Each structure stands twice: as structure tokens, then as C-alpha cells.
Amino acid sequence: MEPPRGLLLHLWNFICFLPYFIGLLLVGFLKGAIVAPIVCVLMTTGNSVIVLGLWPAHAVWAYFCILSAKRLGPVMKLLVCILVALPLALWPVCVVVGSILGGLAYGFLGPVFGTFKAVSEGKTDKFHHCVIDGTWDTIKWSLTFVRDLSDVCLYSYFSVMDDLRKQDPPDGRIEIRVAYVPVAILVGVLGFAVDFPVITVMAALKSPYMLLKGWHRLFHDCIGREGPFLESICVPFAGLAILLWPFAVAGALLGSMVASILLGFYAAVVAYQESSFYLGLCYVVAALSIYDEYSNDILDMPEGSCFPKPMYRRNGGLQLGSRTPSFSRPASFKNPPSRTSSFATPMIELKPLVLLDSLFQECRRQGEIMVLEGLITVKEIDDAKSGKASGRVISVGLPAYCLFQALLRSAKANCTGILIEDNVTEITSANRPKDTFYDWFLNPLLVIKDQIKAQNLEELEEDYLGKLVLLSGDAEKLKNSDIGPPPESELRRAELDALARRLQGITKSISRYPTYRRRFENSIRAILEELDRKNGKGRRSASGSGSESTFGRMFSNQRSFRTKTSNQEDDQETERDGDVV
């Protein structure tokens with residue numbers, strides 16, 4: 001289908017678009033005005049109770065962990081105790097204010113976007129969906145956000161602080177060089193005084209270009225080929241985006257101002273690390289060039305910067321390796337591909353948390369198998385739900401084992417990325433979703449996958465390493481379990497132990513990610529419900545330590561469970577798991 005040409009055709013499409021868009025917008029605004037106060041009250045009340053109720057415990061535990069940390073020297077502990085006071089004081093205020101503003105914004109925009117989604121292809125009674133969609137869903141997701149915040153405050157925070165307290169110093173204690181602190185503070189103040197106003201002016205000057213360029217593209221989407229009346233899969237989100245685009249530009253301006261503060265004060269870090277006042281000043285100037293280049297890339301403006309970029313590291317490779325690639329355009333983007341070629345070979349669009357969804361589906365499947373084989377017990381599942389240390393085999397070991405299986409499967413298939421559970425979808429650095437989760441964890445997982453591939457594991461070693469990954473979090477259970485014969489070579493055994501520790505470590509870090517705890521508990525609950533359904537009896541009928549061994553012995557011979565599950569049942573389980581997660 002050729003795109004419409006000529007001013008009259010574009011004008012006619014725009015005229016037809018306006019009544020349709022305005023009607024949906026009015027319905028969305030009405031729903032948003034009703035739902036926004038409810039969501040604001042729920043989020044503000046829930047988040048405030050959680051944060052204010054736990055704030056004394058957070059403050060006491062923070063200072064206790066800092067003072068007892070093995071990695072920090074005496075002077076460093078004193079400095080950290082002074083610096084941590086401000087974040088602790090601002091944390092409740094930021095949460096309360098953010099909950100009010102975020103609750104109003106989400107409560108209003110959620111129904112508006114739900115109204116526009118209701119007219120998308122595949123829905124029959126569109127009028128009914130226009131009235132209903134985006135109301136109850138928005139309220140439920142606001143409660144989900146409160147739940148995720150409670151998990152972060154109750155689990156993630158204490159987990160991070162415990163690591164700080166218990167972690168041994170690899171190369172001696174971290175101590176601060178007091179003589180360089182005044183110089184670093186002076187450079188940080190100078191960096192803020194220079195970078196904040198200059199970057200703010202640059203952002204303000206580029207904001208009109210961003211506004212006009214965005215409007216040009218959005219208007220083209222409304223009345224051109226990609227408009228809602230020319231292709232049935234399109235909905236008039238572009239019209240809504242036209243109205244919201246100035247707010248996005250204002251948000252980008254505020255974000256640039258906040259970033260300029262961080263960039264300016266980072267000069268203190270550079271001056272301290274390099275022990276040089278001059279190199280700190282060089283970074284102050286280089287930060288302007290870094291921001292200018294980055295903003296030019298985002299807005300597709302000419303490359304380069306009008307500001308100089310002096311060397312601010314004695315090790316030039318460190319500067320180029322840590323800063324330039326993240327802000328400059330790769331060589332493969334110098335000549336961007338045409339739109340025609342992109343339609344010929346479309347890239348698979350992945351959901352933001354597709355890796356986590358696949359991980360929990362695999363946890364559910366493997367968990368059922370391991371309980372039936374006696375590798376894990378129902379009591380350990382209950383302990384994991386309660387957050388007890390004895391449940392570490394479930395809370396960390398089981399997800400780590402599933403990650404190991406995914407990485408092993410990807411290494412055997414000689415993939416550049418990670419194959420998820422369906423053995424078809426591959427997550428790579430090129431097609432990964434733009435989500436913080438992948439910024440943090442994808443590259444480390446790819447490195448571990450390459451290390452597994454380089455080991456050329458035999459079948460017995462794969463089984464040994466898998467059980468080592470599963471049970472290494474519980475030393476007593478690992479000692480009493482039969483995980484197979486270890487490799488004869490001590491070097492080989494040490495390499496496998498190191499891989500197991502890395503997988504356990506990165507899984508523990510992933511478990512602190514928001515939404516992880518909720519999804520994990522849903523998967524554990526699904527495992528127990530599925531086992532109750534398949535066994536035809538309640539899992540509570542056998543309790544206590546004696547029931548653990550009884551349960552394991554009853555089903556220890558059911559090794560064929562892996563092959564008895566039909567494809568149809570797997571599809572139903574996957575669909576149900578997606579609803580639960």
C-alpha cells in the first residue's frame with residue numbers, strides 16, 4: 001500500500017482523525033479524573049506507611065552495617081556515616097512526594113492510554129472496552145507498585161546492607177586518603193558551578209529543536225501512512241503523544257539539569273582517583289563535551305561537539321573505554337539501514353521482562369521436577385516464602401540452576417545471546433529491550449555463558465555443576481547430598497566451583513531487582529498448587545521433618561515426569577504462568 005500523496009489527502013486524513021481522537025480523549029480524561037484520586041490515595045498511603053514504618057530500622061541497620069563493615073577503614077566509615085545522613089533524611093520525603101505526584105500522573109494517564117488501547121485490533125465490543133479498560137487495571141497496578149516497594153524495603157535493602165557488612169576485603173580495607181579530600185571537594189564545587197549552568201543552557205537551546213522535530217514526526221504518523229485510518233493495527237496514540245510531547249521535552253530538560261549536577265560533582269571523584277587537581281578540572285571541561293555529544297546523538301544532530309575534550313585520566317585507555325563508547329555512535333550506525341531492509345528482515349520485538357518471565361516459568365517446571373525427585377523439599381519451599389536462611393536453595397539456588405540451564409543451552413547452540421525457554425527466542429545485545437534490568441545483568445550473563453562454553457563440559461560435569469549451582473548456598477545440604485563425582489583435576493574442580501559462585505552471586509543480585517520477589521512467590525505458589533493437583537492431595541497432610549523425607553521418598557522414583565508432560569499441558573501451564581506473573 002502506497003502512502004497517500006498530496007496536500008488534500010493529508011488534510012482529509014487529518015480532518016477524519018480529529019473527531020475520533022477528541023472523542024477518545026474526552027472519555028479518557030473523564031475516566032482519569034475519577035481514577036486519579038483513588039490511585040493517589042492508595043499509593044501515598046501504602047508507600048508512606050511502608051517507608052515511615054521501616055525508616056527507623058533502615059537508619060539503625062545502615063549505621064550498624066557501615067560501622068561493622070570489613071571492607072571499610074576507620075576514616076572511611078566516619079565519612080560514609082556523615083554522607084549517608086542526608087539520603088536517609090530525604091528518603092521518606094522523596095517517597096511521599098513522589099507517591100503523590102506519581103499517583104496522580106499514573107492514575108490519570110493509565111485510563112487515558114487504556115481508552116486508546118481499547119480501539120486496537122482484536123477487540124470486539126470496543127465501546128464497552130473504551131468505558132472499562134484502564135480503570136480497574138490502573139488501580140490493581142498501583143497496589144502492585146506498593147507491593148514491590150515493600151519487597152525492596154523489606155528484602156532488597158537488608159540484603160545489600162548484609163553484603164556490605166559481611167563481605168571480606170579482597171585487596172585490603174578501603175581507606176580514604178585524607179590529604180586529597182579538600183582538593184576533591186574544591187574540584188567538585190567548581191564542576192557544579194561550571195557544568196550546571198552551561199549544560200542547562202545547552203539543554204534549553206536544544207529543547208525547541210526536540211519539540212519541533214518530535215511534533216513533525218508525530219503529525220506525520222497521524223496523517224501519513226502510519227495513521228490510524230490507513231492501517232488497522234494502528235491506534236491514535238500519535239495524537240495523544242502530540243499533546244504530551246511538550247511534557248516529555250520539559251522532562252528531558254529537567255533530566256539534563258539533574259544530570260549536570262551529577263556530572264559536575266563527579267569531577268571530585270576524578271580528582272581524588274587521579275590525585276590531581278588539574279585532571280579534575282580537565283574532566284569539568286570534558287563533561288560538557290560528553291553531554292553535547294550525547295544530546296546530539298539522541299536528537300540526530302551533527303556529530304561532535306563545540307567544546308574541547310581534554311584527557312582527564314592518566315590511563316587514556318580507561319577514559320576511552322569507560323566513557324566514549326557509551327556516548328558515541330558505533331561505527332555500524334554511521335550509515336543507518338534503510339526502512340525497506342528493516343521490513344524485509346524484521347527484528348523480533350521483546351517484552352521488557354521477557355528474560356524474567358522465562359526464568360520463572362523454568363523455575364516452576366524445574367521446581368516440580370526437583371520436588372518429585374526429592375532434590376528439594378516442600379519445607380524448603382515454605383522457608384523460601386518466609387525468607388528464612390534455610391530456604392536459600394529455593395530462593396537463590398533454583399533460579400541460579402535455571403539460569404545455568406539457559407546459558408548451557410545457549411552455549412551448546414553456539415548462540416551470540418541467550419536462548420530462553422522456548423529454544424527459539426534469543427536475547428542479544430542488539431535486540432534486548434530498553435530496560436534497566438538488561439543494562440545491569442545481560443552482559444555479565446553473556447560473559448558467564450562464554451566461560452561455560454570455553455569449559456567444554458562433559459555430561460557428568462554438566463550434571464555436577466548444575467547440582468553445585470543449586471545447592472552451594474546451603475553448605476550442610478550440599479555436604480549431605482549426592483551431587484555426583486567431582487572432576488579428578490583440582491584445577492577443573494576449582495573452575496567449576498568459581499562458575500557456581502558467579503551464578504549464585506548474579507542470581508542473588510537479580511533477586512534484589514524490583515518485581516522479582518513478587519514474581520518468585522507467584523511461581524512458588526504455582527508449584528505447590530500444581531503439585532497438589534497432580535498428587536490429588538493437599539501438601540499440608542504431611543508436616544514436620546519426617547514429612548520431608550516421606551514426600552521425597554514417595555516420588556523419588558518418578559524420574560519419567562520430564563517426559564510425561566505433553567506439549568498441550570506445557571502450553572496451558574505457560575499461559576497460566578503468564579497470568580500469574
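Residue numbering: from 1, along the chain as shown.
Positions of Cβ are set from backbone N, Cα and C atoms, glycine also.
Summarising the annotation, TrEMBL assigns transmembrane segment to 7-30, 36-66, 78-109, 179-205, 242-269, 275-291. According to TrEMBL, the feature region 'Disordered' maps to 534-581. Look at TrEMBL and you will find 541-552 tagged as compositional bias 'Low complexity'. Annotation comment: TrEMBL describes 555-566 as compositional bias 'Polar residues'.
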Recorded stretch, among 36-66, 78-109, 179-205, 275-291, maximising Cβ pairs under 8 Å relative to the transmembrane segment (242-269): 179-205
Positions whose Cβ lies under 8 angstroms from the transmembrane segment (275-291), at least six residues beyond its ends: 177, 180, 183-184, 186-187, 190-191, 194-195, 198-199, 202, 256, 259-260, 263-264, 266-268, 305, 307-314, 323, 327
Distant-in-sequence neighbours of the transmembrane segment (78-109), which means Cβ under 8 A and at least six residues beyond its ends: 32-33, 35-44, 47-48, 51-52, 55, 58-59, 62-63, 66-67, 72, 138, 141-142, 149, 176, 181
